[in-house]
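**Student:** According to TrEMBL, the protein carries these features:
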DOMAIN    1-111  domain 'Thioredoxin'
SITE      Asp29  site 'Deprotonates C-terminal active site Cys'
ACT_SITE  Cys35  active site, nucleophile
DISULFID  Cys35-Cys38  disulfide bond
SITE      Gly36  site 'Contributes to redox potential value'
SITE      Pro37  site 'Contributes to redox potential value'
ACT_SITE  Cys38  active site, nucleophile
Amino acid sequence: MNNSSIVTLNDASFESEVLQFNATPILVDFWAEWCGPCKAISPILDKLSEKYRGKIKIGKLNVDENPKTPAKYGVRGIPTLILFKDGKAVETKVGALLESQLESFLEKHLTNPGTST
């Protein structure tokens, strides 16, 4: 969570930081302090935020502190990762993913920018 290239999101900032952000896709990690799998993927997201800097923005939203946004997007389990493009949710992954799985997920959306799945 201390990586400066990852944006900390909340219910109030979600619209301006995610829905109105069109420069690059943004991956939002819905997480909580008590969630072991969330803690497991955190260093992977930190690493990928550096690797994909300028190509994909990564944000984190604590579901316990910000219940409105997860409810709006149907987040029931965490970690949930939702990729947004041009203000729209285009793909969701639930559960802790391996670094290689996360990279494949991100690469797919970089190589096919107009494709939503």
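Keep in mind that glycine also has a Cβ here, set from the backbone N, Cα and C atoms.
Curation does not apply to TrEMBL; its annotations are automatic.
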**Student:** Which value does the mean pLDDT take for the domain 'Thioredoxin' (1-111) in this predicted structure?
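**Tutor:** Reported value for the domain 'Thioredoxin' (1-111) is a mean pLDDT of 94.
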**Student:** Please work out the helix, strand and coil residue numbers for the domain 'Thioredoxin' (1-111) from the DSSP assignment.
**Tutor:** 40 helix, 29 strand, 42 coil
**Student:** For a quick check of understanding: among the recorded sites Gly36, Pro37, which residue's Cβ has the most other Cβ atoms within 10 Å?
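**Tutor:** Highest number of other Cβ atoms within 10 Å: Pro37.
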**Student:** In whole Å, how far does the CA atom of Gly36 (site 'Contributes to redox potential value') lie from that of Asp29 (site 'Deprotonates C-terminal active site Cys')?
**Tutor:** 14
**Student:** Suppose we draw a 10 Å sphere around the Cβ of Cys38 (disulfide bond). How many other Cβ atoms does it contain, all chains included?
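**Tutor:** For Cys38 (disulfide bond), the count of other Cβ atoms within 10 Å is 21.
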**Student:** I want to check the contact list for Cys35 (active site, nucleophile): same chain, sequence separation of six or more, C-beta distance under 8 angstroms. What comes out?
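**Tutor:** Counting only residues 6 or more apart in sequence, the Cβ neighbours of Cys35 (active site, nucleophile) under 8 Å are Ile78, Pro79.
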**Student:** What Cα-Cα separation, expressed in whole Å, is found between Pro37 (site 'Contributes to redox potential value') and Asp29 (site 'Deprotonates C-terminal active site Cys')?
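**Tutor:** That comes out at 12 Å between the alpha carbons.
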**Student:** Tell me the Cα distance separating Asp29 (site 'Deprotonates C-terminal active site Cys') from Cys38 (disulfide bond), rounded to the nearest angstrom.
**Tutor:** 9
